[in-house]
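**Q** Can you read through this structure? Questions will come right after.
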Amino acid sequence: MAEAPPVSGTFKFNTDAAEFIPQERKTSGLNCGTQRRLDSSRIGRRNYSSSPPCHLPRHIPYEDISAVHQHSYASGSKPKSPQGFFQSSNKSLKNHGLQNQPWQKARNEKHQNRNKKAQGLSEQTSDTSSLESVARSESGTNPREHSPSESEKEVVIADPRGAKPKKAAQLTYNYGRGPKAKGRLRSEWGNRMSPKSEDENTRPVAISHTDSSDASCRKPVVDPCVCRRNEQRRYPQKRPPWEVEGARPRPGRNPPKQESQRHINAGPKTNMSPIPKDNLRERPTKSACDTGNLAVVSKSSRRVNQEKTAVRRQDPQVLSPFPRGKQNHMLKNVETHTGSLIEQLTTEKYECMVCCELVQVTAPVWSCQSCFHVFHLNCIKKWARSPASHADGQSGWRCPACQNVSAHVPNTYTCFCGKVKNPEWSRNEIPHSCGEVCRKKQPGQDCPHSCNLLCHPGPCPPCPAFTTKTCECGRTRHTVRCGQPVSVHCSNACENILNCGQHHCAELCHGGQCQPCRIILNQVCYCGSTSRDVLCGTDVGKSDGFGDFSCLKICGKDLKCGSHTCSQVCHPQPCQPCPRLPHLVRYCPCGQTPLSQLLEHGSNARKTCMDPVPSCGKVCGKPLACGSSDFIHTCEKLCHEGDCGPCSRTSVISCRCSFRTKELPCTSLKSEDATFMCDKRCNKKRLCGRHKCNEICCVDKEHKCPLICGRKLRCGLHRCEEPCHRGNCQTCWQASFDELTCHCGASVIYPPVPCGTRPPECTQTCARIHECDHPVYHSCHSEEKCPPCTFLTQKWCMGKHELRSNIPCHLVDISCGLPCSAMLPCGMHKCQRLCHKGECLVDEACKQPCTTPRGDCGHPCMAPCHPSLPCPVTACKAKVELQCECGRRKEMVICSEASGTYQRIVAISMASKITDMQLGDSVEISKLITKKEVQQARLQCDEECAALERRKRLAEAFDITDDSDPFNVRSSASKFSDSLKDDARKDLKFVSDVEKEMETLVEAVNKGKNNKKSHCFPPMNRDHRRIIHDLAQVYGLESISYDSEPKRNVVVTAVRGKSVCPPTTLTSVIERETQTRPPPPIPHHRHQADKAPGSSTLQKIVKEAVIDYFDVQD
């Protein structure tokens, strides 16, 4: 049996095999309208039903498919005309769209011929098992029945995870049948029988080949009842799926017993029941090609197929081959994106995301090729040109739904597949589609096929074709869905050679490179002094036959000369020859002179490696290890063998951070380090940003902080134990495994409880013991103290002055706000503080002023309180009012200053009684001044007092009283305020103009017939408006301001009987006040003294001459 070459992820199709690209070979006899309606009904079923897989035998390559189909037609079964084909296709419109292709039609007719020939064979042969074995030996394909109803229900689902397909039967529910196994190889069905039963039940049967073209298509057909009985004998534990416990009953079906009876009467059909899983695992695997030949059908797919089959049987209107009415009656699966779009666009229920309006079937639209949302063409144009659609940092505009960036703004209304511009709407087609085949390629998939659906919205469905892929190890081939990017794995071992080149990979079939070899080997170094255990494949190709690696030690093996050992690092064999051999040494030890020149000068020739090398006698000059890059030290000895001696110079070395340098003898460099540490401290900040480095002679590039953070975490209980870091500390990782409850225990947080978690909130009433017995209104809480009680009560104030109401219970000390007025311990004063708590005076004496009246003036003492002591003698600080004789002048004077005449009175009294003092008599001066004399003290009158006195005399002379006002001075002066006068002085001309306007307005209203008359002043500033308002009050006018700044103006209104002009204008008053005043008259003191005989002693004392008290006359 010839097999097709393995194909790994690629497709091989014959250009003549049009069956795998549907719609390419159409029936030529159909017109365009008929064919379009056929495609429309076919595309609806293809969208929302399982795609029929292309089941092919594994021994037939894709290139020979067309040849198989060409020879599969039997005589008399070929369609005679296109109309006949059209009629036959109408009978099976519920099948998949691929059924209507010529190759599918020929395939169905081939099986009908096969059934007829099998019936003839069944008459000649009585043993059905023999026929079955002969059919297996004749062909490697599985005996399958492809009726129009079965082709639709074939489903093959590849493993989406890329694993090896399991050896399970492909189960689908057929009309009137139980579970049916499809797609099995003949060799696999043969494996189901044990060798013993196969020998017993199989015998050769001669089959005559009447037609060479049908030789490859002859397959025996056996009675299904006989097959079922034979299978029950071989597998007694097998039950139909509807009898399995927990199996889902088939909708719309009769009990299995009645169905089987009805199918037995219907006629013979080939039906192979599936193999149970237990038997399937026990069946041995004979070839690698049989392992992945079948796909597994999931339970969900079987359930969906059952429901779809039930829907097709119950609703015959859905299976109508031609769309009738306004809407397209195709079977749509609303669970898919495409089906939902078709339904919403057809019923005009789809909304444009830009304008939120419904998309009409006749409106131009645009569909996004990324998310497949549909928009109005005009709406998407406006959106693309708006600033909100521009992508940040990219050129183009964003889709409103998926934010996919597009470069070009759509300007043309096209169908969904993009082939037709401005498609016309037809009630028999999907709105906004062209009605032709989509033909779009699957983006991003390795699939050469194009979409064979009619022009549709939404994404194209997966490719329904199948291909053969080779597994990752290349030993088996599997049939998978075309375009799926899954990798195929088998259950065999990989067996590829590992990196070591000796062992094979023992893992199951996998992708990518194999893992390194895991076998541990013991290797020895080249010199044999060290060994190690490594993985197999380490240092492959470095072995010298004795060792496998270098230990980096001195080799130490004896050289061929026998006198020296190898001084090289451990290396592969063999060792280099002795470097001191005569034929290898050509220069003197310092390397400056060739040995040939030294031999000419009489040096002895070397014969062995042990002979010394002749010296040239020059300075050695080899560079030493000391010195610097600028000045290299050299050996100062004469040409010699061996190592150079120590250097006698000094070298400059730098500290570790290169901040300081110092000189050291070269001889001490070997014993000491070439670097030293300076005392400079690093001032850079550490990575934490909180601390400084402070390391001595620091050379770190990243200054890591070695301290522990130590900051408190959010829980408030623990501290951060991580190294000092930037930013916020992490959350506390501590957790409690005890239940966290509220105070009353009603609410619980079960462990683990993160550290810092607050107790749960509880809605129960607080159950704690409270200080008062008032009702509790607050909930259970975790705080230690309960909220204050807010129950309103009556409480006395702290000073017991009054009983206050509506006081919350938690308030203890209440002040009424009144003075305390409690008697102080001094017994003279009362507490002046507001109502307070506790004693009035705490550790202090009363400091209120003493109220005891003085003996001289009667004013209080005003000294700090002294209850047990007499009042101290101090000057009285009380203020008294003094007046002049006329009463015009009044001043407040301190009482002690008013009695300043005490000294003068004492001097006068002593002068008068000086004789008595000379005689030794005492003089009492306390009686010289009394309270009456102090109260009679007066101030001196000034010039204004004299002018007032003169006016008073003139008034008396002209008989002018205070009530009369002949010059109208009081009335004019009282009408103009001081502020108005001050404002008028700033702009006297403006005031004069305003007064003229007001006088004219008042005269006009008094003389005219109207009771009111108004005048509008032009716009002006605030100060001028204020002057107008003040003058209007003087003239009795009404003034109102209108408009807003800077056009605000004033309108004055005169009212008859109310508005009167003042007797004196403001302008004349200001001019009179600004004129120069004449000097005041000179007062006449003699006349004043005569008029005032009762003047005070103070005035007399001031006017008297100075008395010379020491001018004593005998």
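One is the number of the first residue shown, and numbering goes on along the chain from there.
Quick reminder: no glycine exception, Cβ is built from N, Cα and C everywhere.
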**Q** By the record in Swiss-Prot, which of SER130, SER668, SER782, SER1041 is the one labelled phosphoserine?
**A** SER130
**Q** Scan 415-434, 475-494, 715-734 against Swiss-Prot and say which stretch is down as zinc finger.
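**A** Range annotated as zinc finger by Swiss-Prot: 715-734.
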**Q** Here are some residues: SER81, SER194. Which is flagged as phosphoserine in Swiss-Prot?
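**A** Swiss-Prot records phosphoserine at SER81.
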**Q** Find the member of 447-465, 500-519, 626-649, 826-848 that has more C-beta pairs under 8 Å to the zinc finger (857-878) than any other listed stretch.
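**A** Most contacts with the zinc finger (857-878): 826-848.
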**Q** Helix, strand, coil residue numbers for the zinc finger (688-707) per DSSP?
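**A** Per-class counts: 0 helix, 2 strand, 18 coil.
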**Q** Are there residues at least 6 beyond the ends of the zinc finger (561-580) whose Cβ is under 8 Å from a Cβ of it, and what are they?
**A** 525-527, 529-530, 542, 544-547, 550-555, 608-610, 613
**Q** For the zinc finger (715-734), give me same-chain residues lying six or more residues beyond its boundaries with a C-beta closer than 8 angstroms to one of its C-beta atoms, as numbers and ranges.
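**A** Sequence-remote neighbours of the zinc finger (715-734) are 686-691, 704-709, 754-756.
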